[in-house]
Amino acid sequence: AMGGNYTQPKFILLGITDTPWAQTPLFVLFLLIYIVTLVGNIGLMVLVWVAPSLHTPMYFFLTHFSLADVCYSTIISPKMLTDLLFGDKTISWAGCVTQFHLFALFVTAECHLLAAMAYDRHVAICHPLSYVLVVSPRACWQLVAWCYLVASLSALLYTGCTFGGSFCGPHHVDHFFCDASPVLRLACSDTRGCEAAIFALAAANGLGTSVVILLSYGRILHAVLGTSSAPSRARAFRTCASHLASVAVFYGSLFFMYLQPASRHGSRDKVASVFYTVVSPMLNPFIYSLRNREVKAVLGRGRRRV
């Protein structure tokens, strides 16, 4: 049927693996990761909410970052877990479109939030005297609104390009969630224009934000090396290194997935996808917050009260 939406085909997600003995260990592993993701990110959001000392721009951005992590791991993990547990891997047309759309929205928002966080750190360290003026509460809200606006528009375009063609069957999506390249492979209309549009948009979002991040951290390291004492240099290095490690895992796997030609996509895609859909959201609260002195201080005070 034209547009696929008239017959509304069901899709079947082939999942991470079809090896029967691997299903249960993978279920246990991904369930644990999902629980840690929820506890870490929601815990961080609650902590920032209740502790006045954390009401700063950096933690404001971090709570939105944690919210995006919770949202997109929840869009993917529960469905993946039930597929591993029960083996019923069908997903409706509407379910597939919704899953992809929300996933695209929150992943794109996360790229822009990472850029906003890097810019915030850059202003704090390189221009401390004008920090309060530049990164005012109003500016923070504007930056976050911009992140979500760009993400919403991008997600609409991604989704339109991915599901706009016609699908004649078989509807086997060779992936553990509805993603652009495995879905486009099922289209029986010409998808080259759509693939080019998705590639261009992914490149604009991914490369644009990663340039902001790298420039910001470059300026931070330059400023720190030029002025401060050895202990504070070491501390700044550690912070920057952990942030950049997280950025590298997230962007490295995203670029691997979305900035390669369609013909090159294969089984390694699933491994790359696990990194940014499952592993990255779990690590982020630990990398960005639990190593910070302010968070440790708040947790210490809370423990003493208890």
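Glycine is no exception: its Cβ is also placed from the backbone N, Cα and C atoms.
The feature domain 'G-protein coupled receptors family 1 profile' is assigned by TrEMBL to 40-288. For 26-51, 58-77, 97-119, 139-158, 196-215, 236-259, 271-290, the entry in TrEMBL reads transmembrane segment.
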Cβ contacts under 8 Å made by the transmembrane segment (58-77) with residues that lie 6+ beyond its boundaries:
30, 33-34, 37-38, 40-42, 44-45, 48-49, 99, 102-103, 106-107, 109-110, 113-114, 116-117, 120-121, 124, 140, 143-144, 147, 176-177, 277-278, 280-282, 284-285, 288-289, 294
Mind looking up the mean pLDDT for the domain 'G-protein coupled receptors family 1 profile' (40-288) in the predicted model?
89
Can you work out which residues elsewhere in the same chain, 6+ from the ends of the transmembrane segment (26-51), have a Cβ less than 8 Å from its Cβ atoms?
16-17, 59-60, 62-63, 66-67, 69-70, 73-74, 77-78, 80-81, 84-85, 278-279, 281-282, 284-286, 289, 295, 298-299
With a Cβ cut-off under 8 Å, give me the same-chain residues at least six positions beyond the ends of the transmembrane segment (236-259) that come close to it.
107, 110-111, 114, 118, 121, 125, 179-181, 198-199, 202-203, 206, 210, 213, 217, 220-221, 224, 228, 268-269, 272-273, 275-276, 279-280, 283-284, 287-288, 291
In the same chain, who gets a Cβ under 8 Å from the transmembrane segment (271-290) while lying at least 6 residues past its ends?
16, 30, 33-34, 36-37, 40-41, 43-44, 47, 59, 62, 65-66, 69-70, 72-73, 76-77, 103, 107, 117, 175-177, 179, 242-243, 245-246, 249-250, 252-254, 256-257, 296
